[in-house]
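One structure is given below, encoded as structure tokens.
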Amino acid sequence: MSCYELEKDSLDGARCGVELSGCAAAMEKERDSGFGFMDTSTYSSSLQGGAQGDQQGYDVEFDPPLESKYECPICLMALRAAVQTPCGHRFCRGCIEKSIRDAGQKCPVDNEILTEDQLFPDNFAKREILSLTVRCPNTGCGHKMELRQLEVHVAQCQFATVVCPLCQQAVWKNDLDDHKSNQCSRRLVDCPDCMTRFVFEDSQIHEQQCPLANVVCEYCSMELIRDQLESHCDTDCLKAPVACSFSYFGCPHKMQRNDLAQHMQEFTQMHMRNLAEFLRSRSMLGGSAGAASASGGGGGAAASCEDRAGAGLGTGPPCSCGQELQHLRETVVELEARLVRQDHQLRELSIRSETQVTQLAEVRKQARTLEDTVHELEAQQYQGVFIWRVAGFSTHLRNQEAGQPVVIHSPGFYTGRPGYKLCLRLHLQTPTAPRCSNYISLFVHTMQGEFDGQLSWPFQGTIRLAILDQTEGKHHVEVMETKPDLLAFQRPTAQRNPKGFGYVTFLHLQALQQGQFVRDDTLLVRCEATPRFDACLRREGFQPRGPEASL
């Protein structure tokens, strides 16, 4: 009789004692074979519930859910090392042994007298539980396996979390290498400028201190390396603030370095007055010091230079005041000469700059004229067949969905040489537009061209408009005939005729999603204009759609 039958039949203690030896023998046989799941150490967080002797049941997700007969009444989890009691109840070995030690020698279910010696292993239940299907507990992993295989799977699962050895952050095992290389805040990186190696989380600090990092001068916005910034601001930057050269003599002004020469020129008289006041004050201070020295020393050797000169004394040390005055006078003369030279240089630079500005404007004007000529020659080569590439169409669609008007004009093109000059106008109708919401409107406009004087007006002929399918060739085509009595086909009096002729509801925007009309974010619009009506269209059985009123 099996252990399961013992529980099911609820046999008395004597009978359980008879069958105990058979179950114990089966347990010892299974233990000797090395088979079992409870001895795992790798998956301790999910499969182990405490110390080795007090392990609770298997805390895993079963699929399908665990049956109640395999559930421990104490820990309410799947039975681990299942044992039976003489009263026919199943428990985890660790749970029931702990209950007997802590709560007394009785069964937790029916309070029958129970000792550890009376417990016997339920190998049948153990095999059944180890054969049940469970899910991998790691987030993101969808593997299912038998419970006995879970330990091996968890040890190899790429979705298992491991601790980064650098930042101690828990990451997925399969992302560890990428984390250490690209995401870890403690990874080592090299500065691209000075090649210094540092920890990534210190990047901002290093960027603020790197001597070879590119920085921008706060005054002139010039880009240079940090080591050059100080000398650049002190000597080279034309927009750096500098003090006047006469600040030592009392000038309070500060200005940009490139305005210093103009300041020196405009305030020359003030600088001279400041210099004179400075020299006068120095002379007065020198005289006062000499008088004080004479009264304090009581001798002719300490008299002032003026007194000594008046007395005709030639002895004693030479006076230094005259030397200082002479040096200051030479400095003033040198500065005045420098001012004159700088003024001449400024005048020459100003004249040269004005000349260059005039020449540059002329060159730009000629370049624009050449561009217009090239565009005009290109337009004349189309021979009435023009394919318009409307790039960035997704941006126009977003603006249309937001209710913003979207109106785009194509470049001009000629129907021949000589020929009429035309252009296209594409209008994306907003969702709130009456009667034409979410439609593409397409119109043709006449333009002033090089050959208008050689042509007959109004323009007459056939115009074929198409939005091209860029994959399967299922183009959306409409053909219309010009109407000479409309202003849209009269000779234009402005660069582009404000009146157009075409279709308000040329193509619904939903139709763009049914075909391959937009590819690489580009819409292709084709226009074929024939100045004379081609009667063969009607002979072939093609009836052109009547055009709608233009907007």
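Every residue, even glycine, has its Cβ placed from backbone N, Cα and C.
As annotated by TrEMBL, domain 'RING-type' applies to 72-111. What TrEMBL records for 152-204, 206-260 is domain 'TRAF-type'. Look at TrEMBL and you will find 152-204, 206-260 tagged as zinc finger. What TrEMBL lists as coiled coil is 325-380. What TrEMBL lists as domain 'MATH' is 383-529.
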I'd like the per-state residue tally for the zinc finger (206-260) from DSSP, helix first, then strand, then coil.
22 helix, 12 strand, 21 coil
Mean pLDDT for the domain 'RING-type' (72-111), as a whole number?
91
The domain 'RING-type' (72-111) resolves under DSSP into 11 helix, 8 strand, 21 coil
